[in-house]
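Feature annotations, reproduced from Swiss-Prot:
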type	residues	note
BINDING	ARG48	NADP(+) binding site
BINDING	ARG125, ALA126, SER127, ASN238, ALA239, GLY278, LYS293, PRO294, THR295, SER296, SER297, ARG319	FMN binding site
Amino acid sequence: MAGNSIGQIFRVTTFGESHGVALGCIVDGVPPGLWLCENDLQIDLNRRRPGMSPYTSSRRESDQIRILSGIFEGKTTGSSIGLLIENKDARPQDYQSIKDLFRPGHADYTYQKKYGIRDYRGGGRASARETAMRVAAGAIAKKYLFEHFSIEIQGYLSQIGTICCEFKEKECIEANPFFCPDPHKVEEIAELICALKERGDSIGAKITIMAKNLPVGLGEPVFDRLDADLAHALMSINAVKGLEVGEGFSFVNKLGSESRDEMTSSGFSTNYSGGILGGISSGQPLLVHLALKPTSSIAIPAKTINQQGETVEMTTSGRHDPCVGIRAVPIAESMLAIVLMDHLLRHRAQCGHF
């Protein structure tokens, strides 16, 4: 399995499985001299971790991060930073009864066909549990981007099912378990999630991530355009099935005369392109929307096949999120931060300035 790393200069390599001993990652390319402690990473990990509310997975993981290397006297040294999280609430026995079945909508079938072997315990490497290490690495990038360039990254739930959440109050995002920016929609979302849990079903979602105060110049045309690398990184998040930058698919219904982000001496008049032009950051706020499919592991029986190719009916037990889009918010923020950090260092290496 060769696809465990992302980035060229700021490079993140993760390892570990959902119900294995631990999760870990190596972060290369962190500039020396950055004040960094475990709590800097723990804040975002707590936003992602399961068991934090009755609306997400009941798996109770503390996700306590350990920094194993790359820090001396509280500062980064420029060497590889090793990070580790032990799995404390793994329950592989939950999957014993379905180990010979391919859960519909999961990676079980494709992993088995590709590798001839798979870790059936919660999907193993294919589980979203792996993303804990992306969040830890992303927290390092976020800290550097903010402290050195005042770049702010914010994500939020913009739609769940038919409930649309407008960006009304930034403070509201962290004040509810759904990362919802509209205080008037929180109760409605809670009722939806409770109804889904009662029925044993799940729902899809759309999340939005933003970056403010970006300099002009991030992105390496033609194949490493900023939006191309963002698509690569964000589409690697479990359950993400769609992505749009700025107006995205809405451009289909627009005229060129009304959507070209005209400029004046005062700056851009609009930001339909979401802060990226020609694959390079324009200095405007970067705006990306992600669509996530509903959780496939639900209590409603479904048809599938076993390893012998026979049609069977199965019900998935275990501890699963009724909407994976909720906990995907800090994951998407982290992947955005990782890509921006890598492109910032690449730009500085080639051009030497902003």
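In case you wondered, yes, glycine gets a Cβ from its N, Cα and C as well.
For the pair the residue listed as 'NADP(+) binding site' and ALA239 (FMN binding site), the Cα-Cα distance reads 15 Å. For the binding-site residues SER127, THR295, SER297, counting C-beta atoms within 10 A of each C-beta gives the highest total at THR295. Non-local contacts of LYS293 (FMN binding site) by the CB criterion (under 8 A, 6+ apart in sequence, same chain) comprise GLY105, GLY204, ALA239, LYS241, VAL324.
The Cβ of ARG125 (FMN binding site) has 19 neighbouring Cβ atoms from other residues within 10 Å, across all protein chains displayed.
Other Cβ atoms within 10 Å of the Cβ of ARG48 (NADP(+) binding site), summed over all protein chains shown, number 24. A simple way to gauge crowding: the CB of ALA239 (FMN binding site) has 20 other CB atoms within 10 angstroms, across all the protein chains here.
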